[in-house]
Amino acid sequence: MLKELDLLYLWHPCTQMKDHEKIPLIPIKKAKGVWLYDFDDKAYMDCISSWWVNLFGHCNPRISNAIKAQLDKLEHILLAGFSHEGIIRLSQRLCHLSGFEKCFYADNGSSIIEVALKMSFHYHLNKGKKKNKFLSLTNSYHGETLGALSVGDVKLYKETYSPLFLEGLSTKAPSGKDYEEELKILKSTLEKHANSLCAFIIEPLVQCAGNMNMYHPNFLDEAIKLCHHFGVQVIFDEIAVGFGRTGKLFAMDYCREKPDYLCLSKGITGGFLPLAVVLVKNEIYNAFYAPYEENKAFLHSHSYTGNALATAAANEVLNIFEEENIVEKNAILSLFIKEKFETLKEFKFLTNFRQRGMIYAFDIKSEIPRAGLLIYEKALQKKLLLRPLGNTIYFMPPYVISKEEISYVVESLREIFKEFNP
Ligand SMILES: *Cc1c(COP(=O)(O)O)cnc(C)c1O
């Protein structure tokens with residue numbers, strides 16, 4: 001049996017493995033669109049885009065074909081001293097779409113956060129300023145490597161490793177429409193500590209792993225103005241919210257002010273292959289551009305940087321955005337999602353209904369320990385893969401989901417909640 005073999009040889013991410021004594025592990029045989037199929041041909045709807053990476057459905061034929069075509073031409077080469085057409089085109093396109101001027105690549109989200117942190121520190125150093133701290137928001141999440149964890153604030157992932165961290169400061173995250181108090185706190189933090197702060201790192205609009213906390217774009221504009229006034233750079237971590245999730249191509253597009261660094265990953269290849277990028281302006285790039293002897297170069301690298309197969313997938317993802325009017329279509333779909341999910345307000349133990357583009361979330365008020373886990377199990381019985389964050393249930397589907405499938409999700413949840421005793 002595959003399940004037994006799995007548990008014999010695998011150690012799964014983000015899992016207390018002992019839980020699998022009770023919770024079944026589900027090997028998947030194949031997938032198509034929003035559906036995953038196990039070895040008994042049972043179907044599960046991927047309501048969370050497989051950890052927020054999938055944009056256009058599993059085994060999307062356009063992306064599959066783009067990778068297949070690339071596969072027999074060039075699979076991978078080192079990106080130092082050498083280059084390839086796909087990565088050059090992708091970089092040009094990302095710069096044009098975002099207004100940035102240079103792309104630096106890594107192969108997963110946490111790594112690109114490390115890149116942005118190191119780059120910001122090094123930028124100041126090259127400019128003759130010794131700064132060594134980062135500012136982040138409470139309730140933030142930026143990945144699992146040590147630097148990324150240092151600027152994160154989800155206790156569950158972070159607490160154990162706190163003796164290992166970089167020094168940093170945090171400032172209160174806004175929530176909902178209000179942000180005046182949070183701006184004041186940010187301002188006073190900057191007034192006291194700007195001299196030691198390299199950058200303020202922030203997940204724009206939605207703190208996804210932080211229980212889908214959503215806040216107003218004006219906070220971002222004001223925060224960027226304040227940071228720049230105090231000589232502190234701004235890093236936007238759009239790893240989860242980039243590529244249309246928030247209703248625009250980038251969350252940044254809701255802002256008048258622009259960050260100094262834009263980090264992208266997750267959706268960049270449509271969920272097919274790992275790839276990540278940080279975009280910057282030439283002003284930053286130029287701070288590293290000097291005769292070799294001056295020791296100003298950014299000597300960071302990963303073996304799989306700019307992988308040609310991942311790049312082919314990413315270019316096809318951009319083609320799909322351009323040719324299939326995805327952002328416009330999602331605007332209609334997200335209205336439908338809102339209309340359907342809001343009917344769940346009939347249950348008084350469900351609160352804090354919220355939405356930003358293609359992310360919908362609400363909370364369960366419940367005394368049951370690990371209520372989210374209970375919902376996870378009930379949902380599986382109804383063919384839904386949901387993965388609640390604590391007591392927050394969220395819906396973050398691939399963009400190819402149909403209206404019928406959305407209705408099916410909401411009606412299945414209604415049945416679950418009818419039997420649920422909070
Ligand atoms: C997932 C995520 C990361 C980390 O990306 P990985 O590829 O999982 O390392 C960083 N920041 C945000 C906002 C994320 O959602």
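Note: Cβ is positioned from N, Cα and C throughout, glycine not excepted.
Database features, via TrEMBL:
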BINDING   Trp51, Tyr141, Lys266, Ser301, Arg387  substrate binding site
BINDING   Gly109, Ser110, Asp237, His302, Ser303  pyridoxal 5'-phosphate binding site
MOD_RES   Lys266  N6-(pyridoxal phosphate)lysine
Cα-proximity to Gly109 (pyridoxal 5'-phosphate binding site), 10 Å cut-off, over binding-site residues Trp51, Tyr141, Lys266, Ser301, Arg387: Lys266
Of Gly109, Asp237, Arg387, binding-site residues neighbouring ligand 1, Cβ under 6 A: Gly109, Asp237
Trp51, Ser301, Arg387 screened against Ser110 (pyridoxal 5'-phosphate binding site), Cα within 10 Å - retained binding-site residues: none
Residues that sit under 8 angstroms from Ser301 (substrate binding site) by C-beta distance, when 6+ apart in the chain: Leu79, Ala80
Residue from Asp237, His302, Ser303 whose C-alpha is spatially nearest that of Tyr141 (substrate binding site), among the binding-site residues: Asp237
Spatially closest candidate among Trp51, Lys266, Arg387, the listed binding-site residues, to His302 (pyridoxal 5'-phosphate binding site) (Cα to Cα): Lys266
Cα distance (Å, whole number) from Asp237 (pyridoxal 5'-phosphate binding site) to Trp51 (substrate binding site): 16
Largest separation between Cα atoms (Å) of residues that the record links to pyridoxal 5'-phosphate, namely Gly109, Ser110, Asp237, His302, Ser303: 23
Same-chain residues at least 6 apart in sequence whose Cβ lies under 8 Å from Ser303 (pyridoxal 5'-phosphate binding site): Leu78
Residues satisfying Cβ distance under 8 Å from Arg387 (substrate binding site), sequence separation of at least 6: Ile48, Trp51, Tyr376
Lowest local Cβ density (other Cβ within 10 Å) among binding-site residues: Trp51, Tyr141: Trp51
Collapsed DSSP category at Asp237 (pyridoxal 5'-phosphate binding site): strand
Whole-number Å value for how far Lys266 (substrate binding site) lies from Asp237 (pyridoxal 5'-phosphate binding site) (Cα to Cα): 11
